[in-house]
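A.B. asks: Please find one structure pasted underneath; my questions will follow.
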Amino acid sequence: MDSVQATQEKMKVNRTISSNETNDGTQRTSSKNSEEAKDQSLEALLDNIEVSEEDKIEVQEDVDKIAEKVPLGTFGNPKFYLHFLAIYASFGGFLYGVDQTLVSGALLYLLKDIKLNVEQESLITSAVSLGGIPGAIAAIAVNEALGRRGGIIIACLLDTTGAIMCAAARSYGVLLPGRLILGAGIGMEAMTVPTYIAECSPKQRRGGLVSLYQVMIVFGLLGGYVVDAIFTNVDGSWRYMLGSSLVFSTILMTGAIFFPESPRWLMKRGRYQRALVVWRKLRGFRGEEIEEFVRMKKVVETERQFAKPFLIVMMDFLRVPHCRRAFELGVGIMFIQEFSGVATINYYTGTLFEKLGMTPSHSVYMGMIGEGVFFFATIPAIYLNDKIGRRWLLLSTMPGIILGLIITGFSFYASDKSSKVGLYTWGVVTFYLFWGPGMGPVPWTINSEIFPTYIRTYGVASCTIMNFFGNWLTSYEFLRMEKHMTDPGVFIGFYGGIVFLGWIYLVLFMPETKNLTLEEIKQTFSLSHVEIAKRNWQKAIDDWHFIKAYFGRQRSRQQIVHPVSQTV
């Protein structure tokens, strides 16, 4: 602790205002403390950073110097500017969702113009997810070199290019690369936009503003079906469906050109004064805001001075116990999310409705019902995530997901068209109703919390890659699985079985992270698997007793209000 405090005091002495002086000061501090901090853990340094009144006064003096020269901007009020920026940036989530479901309606018309075999159809359907894997990997380097704003612009350029290629395609050889490029843009955008929003948002509103991105994804899923419905009776309909993505990517790119850069990235690049200017426009320097800015500054400076090489950091996922267990949960929960069958339902709903006997246009319209329920079911998660906790919200909704898969699977056994369509719609609506508030947003929230600060970027990136890989694999293999396992086997046996086994895994190994500090989360994951399972099992028993007691009290109240009449 003494060496940590000494390191912090020496960092204060070397602090300067201008970016050039900041860089020089950082180098001097680094050289003086290299031997002293040699055996210090970067994680320990970050955990023990403190903010003093002197630090706040120094920053406030710098703010006063730029206040007269730099206006607050168009909005004047930082709160309004921040919310406008978060809402506009979260439009990237809408773009992500639209690009997933546009293909559902396009497939109903595409096969008439371009002849595809089963394998080619599967690859065209899943290519966006496949392209998202290298896009997410490339986002790490792009974000470091060009910043979050630059990453969003590059992602939009890739998305626009891919959409143009898809709309103009006259063969499988052009359509497939177009879908892959589109996917690369989506992967890069999915890695960049939530990070950008989080780095610009205050800690007390960060969860809600980042959750807005997930809500916009689901809104985009619905939007994809709406676009399909608009063009369903137009000649060359599938070209307009797939090409419409460029409209949305252009809207996002136009706004991104005028976005301010993330203050954290600016600070990381040594551009201290510019970070001050952006923070003043987005957040202001009143109350907790100035303390958060000082803490961010110290964290970034410490990371720059004592950061480990990339390979050493990645090895921490294997050799450091609490990092390894966080990694296991993060990747595992993403596996369960994608292997619940959500990609299959999103991509193939139109095809499955047509298989049940509906016309292509009616299949598109019916797909809007499920996505509409999905959208409205996701909205409560913004509130419930922090109200009842991540663990309870996820575990309580997973049985409903299994029920939806069972109903969906049995719909294919119905004897007539009306029964098949009715049961399938009921199953999909039930699936989305429970998937929306739980399995949709909770994995992303969990992954943003469980990793230590110094390794979080790589942890979230690994989980995002797992997400895209699972999305691609389940959508690519569905047609073959459908042929060999039948539809009930896929939905009930495969997807339902994985969700059930995943529920057991999460009951035992997923701790509650609501309201926990980074240090408390670290302590939780420092326990062995057996100790974590014992704690969680006891927590499950306590929750069960709480639920029984709650409903017992409700019955008692009803009996008092409406006593049972007795006859003498």
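Placement of Cβ uses the backbone N, Cα and C atoms for every residue, glycine included.
TrEMBL: automatically predicted annotations, no manual curation.
TrEMBL lists 42-69 with the feature coiled coil. What TrEMBL lists as compositional bias 'Polar residues' is 15-32. TrEMBL lists 85-514 with the feature domain 'Major facilitator superfamily (MFS) profile'. The region 'Disordered' annotation in TrEMBL covers 1-39. The feature transmembrane segment is assigned by TrEMBL to 85-111, 123-143, 150-172, 178-198, 210-231, 237-259, 326-345, 365-385, 392-415, 421-438, 450-469, 489-508.
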A.B. asks: Are there at least 3 C-beta pairs under 8 angstroms linking the transmembrane segment (450-469) and the transmembrane segment (421-438), leaving out pairs fewer than 6 apart in sequence?
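C.D. replies: No, the transmembrane segment (421-438) and the transmembrane segment (450-469) are not in contact.
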A.B. asks: Does the transmembrane segment (450-469) reach the transmembrane segment (237-259) with at least 3 CB pairs under 8 A, where each pair is 6 or more residues apart?
C.D. replies: no
A.B. asks: Cβ under 8 Å, sequence separation of at least 6 from the ends of the transmembrane segment (178-198): give me the contacting residues as numbers and ranges.
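C.D. replies: Counting only partners 6 or more residues beyond its ends, the transmembrane segment (178-198) has Cβ contacts under 8 Å with 86, 89-90, 92-93, 95-96, 99, 124, 127-140, 142-143, 148-149, 151-152, 154-166, 169, 206, 209-210, 212-213, 245, 249, 259, 262, 444, 448, 457, 460-461, 464, 468.
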A.B. asks: Taking pairs 6 or more apart in sequence, does the count of Cβ pairs under 8 Å between the transmembrane segment (210-231) and the transmembrane segment (237-259) hit 3 or more?
C.D. replies: yes
A.B. asks: What mean pLDDT score does the domain 'Major facilitator superfamily (MFS) profile' (85-514) have in the model?
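C.D. replies: Overall, the domain 'Major facilitator superfamily (MFS) profile' (85-514) comes to a mean pLDDT of 88.
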